[in-house]
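Q: Below is one structure. I have some questions about it.
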Amino acid sequence: MPARASSRPRANHSGIHHLQSSAVLRALVRSAAIEPTDRVYDLGAGPGTITAALARTGAQVVAVERDPRFARELRRRFDGDARVRVVEADLRTVAVPRDARVVASIPFATSSALVARLLDPPGRPRVGADLIVEHGFARRLAGRPRSERSAWWAARYELRVARTVGRRAFAPAPAVDAALLRIRPREPLTADAERRLRALLRIVYGGRHARAGTVARRFAGRTAGPALLRAAGADPAAHPLAVAPHAWAAVAAGPRP
Ligand SMILES: C[S@@+](CC[C@H](N)C(=O)[O-])C[C@H]1O[C@@H](n2cnc3c(N)ncnc32)[C@H](O)[C@@H]1O
């Protein structure tokens, strides 16, 4: 949406790029598949373009915005709309319940902090998030993890680039393209399995073993370890770093009863 209110913060280096493409907005809301019973967080809501589209689904929407001028504009725009609550807060610290959806076009500079906040906590995974983020960031996250931490995220969540969002979808256009990053929970693990997964990933990313099967045997037994890897589509002879994190989650979970 192009800037209109004179009190609105101007484009600057803090990453204020408003989504102006209605096709991308529709794709974002469709990807999220919001139900009227959902509670949805729009983080970095700006003038409320995404908030309004989410509210039209009938869901309860929490619009989080740190800038007081945008927060004021949001309160004005959604005054009397019982579906929308405006929270003036920092998206890096505001509480986002696990059973709430997150659907947002976020400032690129906050991407790492936000994703870490959403995906780090152990226990029941959150219900899902659909985020417009910098394209390179989305690709790195959806690709093969390069660290123990990103492997932990990928083991517990499906991370997928749903579509590229060209820079011209925003006003003003950012320097680089963006992407719609789709985050969905995988099957939850027990607390014990999560602890094993943490220990297992520490070993994998510590780089001490040359074969995945060696690590799997250590955690799930001589026969079951490699069998669990194979059942998850991984080769026990492969290098441990070549094994997809969800296959390590299967090893940590152990044989199904
Ligand atoms: C990239 S713009 C997107 C605005 C809106 N989502 C849209 O697509 O039109 C980012 C918005 O996040 C806000 N913002 C920046 N840093 C923030 C933070 N740490 N917490 C909450 N909001 C923030 C900015 O004020 C701006 O309104």
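The backbone N, Cα and C atoms fix where each Cβ goes, and this holds for glycine too.
Where the annotation comes from TrEMBL, it is an automatic prediction and has not been curated.
Fair warning: this is a prediction, and the values are worked out from it, not measured in the lab.
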Q: Let me know which member of Asp81, Asp90, Asp192 TrEMBL also records as binding S-adenosyl-L-methionine at the site of His17, Leu19, Gly44, Glu65, Ser105.
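A: That S-adenosyl-L-methionine site, as TrEMBL gives it, pairs His17, Leu19, Gly44, Glu65, Ser105 with Asp90.
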Q: Note the mean pLDDT of the domain 'Ribosomal RNA adenine methylase transferase N-terminal' (24-187), expressed as a whole number.
A: 97
Q: Ranked by the number of other Cβ atoms within 10 Å of their own Cβ, which of the binding-site residues Glu65, Asp90 ranks first?
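A: Of the binding-site residues Glu65, Asp90, the most buried by Cβ count within 10 Å is Glu65.
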